[in-house]
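Asks: Before I ask anything, here is the structure I am working with.
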């Protein structure tokens, strides 16, 4: 499908629908940005609801698209899948000075950076919250009144915080092994210090638990977490999300899955449950 | 699962079963060889049937394992999936002098090479037909009386020729976009000339159509072929397999799939049909 404002990188038929990778110029990041879009067969005839999927550290738009096997159920349910990249890219974009995997390229953390040199390009919050939805809403056959969001690890953090800040926009939010409280783990501490600076009060809008403590509400959250996930205790901390939701009266369905790790095999195993959960909430 | 003779490279729970990557020393190739093995949950209690999957040009054991999404239905049906590499690897293994993708590393064509310098390591026929089945039959909880085989492109050629030469071993054979007649396409011509030499009579055991013409028989073959596959007319030529099966009275179910290309999205879309077809034939 040719789409105004988008350049097609690749397209392939899958499960009766079409898997696209698009690129476009982003005003927010000041770079070319790539994203993947799966359009189910129903999109030939009508605008379809959208599930956003935000990826984790080191990922691009490709990981979920190639590894999760989500297209099968998306085609059955008639929902589009949009999988953005995880950071700006390009020679002009600064990276972690040590080339670490958890900051800089592939690690945008879904924030609008305020600290130099990151603030020039690292604007993944506004890119995902505002620019990309406006673009795909115009260019693709999507029903933007029916959006849901999910993500993995750093992308689970992104999904939770974006949904908590925009409850009117997203009819459902779920996550796979999310970073539940970036203010209280090493990954988040490094990222928020770097991108936002030392004032921890400014970090709160990028921490799902702090957002909930500060009054943000969504009707329900669905989380899967593998119990053999090597990042569970040190970085992910679902027990903090559980406590925050308990205190706030948010219905959290947190499934602790014995034997599963942090990989896409874990996501592939449970993505169908997430799609069907979102379908019930969005009525698709 | 620790398995005698095998070193575990990685393991991850998936769909209630376990996805392993193993490495081992191969006598046939004289190298370390990797393969992927998915064991369904049923393998905890009993020996399970096996579906072999042979990959195409440029692939390793990883492509099918990560991209095809076959584990879901394999777990439901209780069948193991074994996905070998496509050639020997290592500094000692010669590659195409021009580094081409269609000969040498990643392009073993499932033959036992007779020409120098290839004959020392390129023994993928004996590796797949003899050495690896003996190894996994000993090391893993597999019922080697119930084996089936499939593959993609060059691996579809591998599956067809191995099954035609070993009909007592494989209860079913299917393929995705196979090279149907390597003797009559540029990929096959290059590979067979290089690995086997100029005497075309010796090529016939590596050509599914020629094997059928020479009397090889299997009860049935199931093939999916995408009609937007860029290699369809020049390299794959399913019409030649159709003609050979017609003349021999072999029941060929050849589905021409409009819109599908040569990618793993095509395989992911139809792998469930192949698994269920094999399950009926093997009784799993």
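Glycine too: its Cβ is placed from the backbone N, Cα and C atoms.
Model, not experiment: these values are computed from the prediction.
Okay, so TrEMBL annotates it like this:
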{"type": "ACT_SITE", "residues": "A:153", "note": "active site, charge relay system"}
{"type": "ACT_SITE", "residues": "A:229", "note": "active site, charge relay system"}
{"type": "ACT_SITE", "residues": "A:262", "note": "active site, charge relay system"}
Asks: Roughly how many Å separate the Cα of residue A:153 (active site, charge relay system) from that of residue A:262 (active site, charge relay system), to the nearest whole number?
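Replies: Cα-Cα distance, residue A:153 (active site, charge relay system) to residue A:262 (active site, charge relay system): 8 Å.
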Asks: Just counting, how many other CB atoms are there within 10 A of the CB of residue A:229 (active site, charge relay system)?
Replies: 21
Asks: Could you give the Cα-Cα distance between residue A:229 (active site, charge relay system) and residue A:262 (active site, charge relay system), in whole Å?
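Replies: For residue A:229 (active site, charge relay system) versus residue A:262 (active site, charge relay system), the Cα atoms are 5 Å apart.
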Asks: Taking each of the active-site residues A:153, A:262 in turn and counting other Cβ atoms within 10 Å of its Cβ, which one has the fewest?
Replies: A:262
Asks: Can you see whether DSSP assigns residue A:262 (active site, charge relay system) to helix, strand or coil?
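Replies: The three-state answer is coil.
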Asks: Under DSSP, is residue A:153 (active site, charge relay system) part of a helix or a strand, or is it coil?
Replies: coil
